[in-house]
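One structure is given below, encoded as structure tokens.
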Amino acid sequence: MNNQFQALSTPNDLPLLRPFLLDLFCQLAYQEGDFVLSSGQRSSYYINGKQVTLHAQGALAIGRLLFSMLPGDTQAVAGLTLGADPIVSAVSIVSAIENRPIPGLIIRKQPKGHGTRAYIEGPSLPTGAKVVVLEDVVTTGQSAMKAVDRLKEAGYQVELVIALVDRLQGGAELYQSAGLMFKALFSINEIREHYQGSLDQSS
């Protein structure tokens, strides 16, 4: 896998990074069983996105792919801690490598308990700055909406949410109702089909 990634890691090979990342999600993040999600819903499968977002090569692939999806006028990327933290960092680092540096913002679930007591960590931006919200796995969409709300309260513009995986359980509809655009690298159907296909090949 290491040699494969080295061959795919250049910007010219962006289309090849997506199947590489899909393999990583199926190998490292996707599990089947009985799970309770952060939304309180029960599920027969679970995606632990941090197994990929904190994977060195996975993080680089995510950074390159999501950076390529950002509108040209993006002034920052942001996300709700903890799931979005490594995604925001990966995209920001890739933006610097590509000579288009875009800062990252981390949104706290609760205000900082000391000092500035801020919800948002990161550099200050001008009022009206355009910020794209990043998320690992979207179920109902509530987590990313918390980030959207905090950013708007701070005076920033948010028009787009980008996720790694859409579980197709209402998140996209929530964003649409809030006037937001939504993109996801993968749908849960694609991941489950690829996972099952890999099992069939190994049996």
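Note that Cβ sites are derived from N, Cα and C of the backbone, with glycine treated the same way.
Annotation for LYS112 (5-phospho-alpha-D-ribose 1-diphosphate binding site): spatial neighbours ALA118, TYR119, GLU121, criterion Cβ-Cβ under 8 Å with sequence separation of six or more. Residues or ranges marked as 5-phospho-alpha-D-ribose 1-diphosphate binding site by TrEMBL: ARG108, LYS109, LYS112, HIS114, GLU135, ASP136, VAL137, VAL138, THR139, THR140, GLY141, GLN142, SER143.
Following the DSSP three-state reduction, the secondary structure of THR139 (5-phospho-alpha-D-ribose 1-diphosphate binding site) is coil. On its own chain, THR139 (5-phospho-alpha-D-ribose 1-diphosphate binding site) has LEU37, SER38, SER39, GLN41, ARG167, GLN169, GLY170, GLY171 as residues at least 6 apart in sequence with a Cβ closer than 8 Å to its own Cβ. According to TrEMBL, the feature orotate binding site maps to THR139, ARG167.
Under DSSP, residues within the domain 'Phosphoribosyltransferase' (121-177) fall into helix, strand and coil as 19 helix, 20 strand, 18 coil. The domain 'Phosphoribosyltransferase' annotation in TrEMBL covers 121-177.
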In sequence order, what residues of the same chain, 6+ apart, have a Cβ less than 8 Å from the Cβ of VAL137 (5-phospho-alpha-D-ribose 1-diphosphate binding site)?
ILE47, GLY49, GLY83, ALA163, LEU164, VAL165, ARG167
Cβ contacts within 10 Å for ARG167 (orotate binding site), all chains included, total 24
Note the mean pLDDT of the domain 'Phosphoribosyltransferase' (121-177), expressed as a whole number.
97
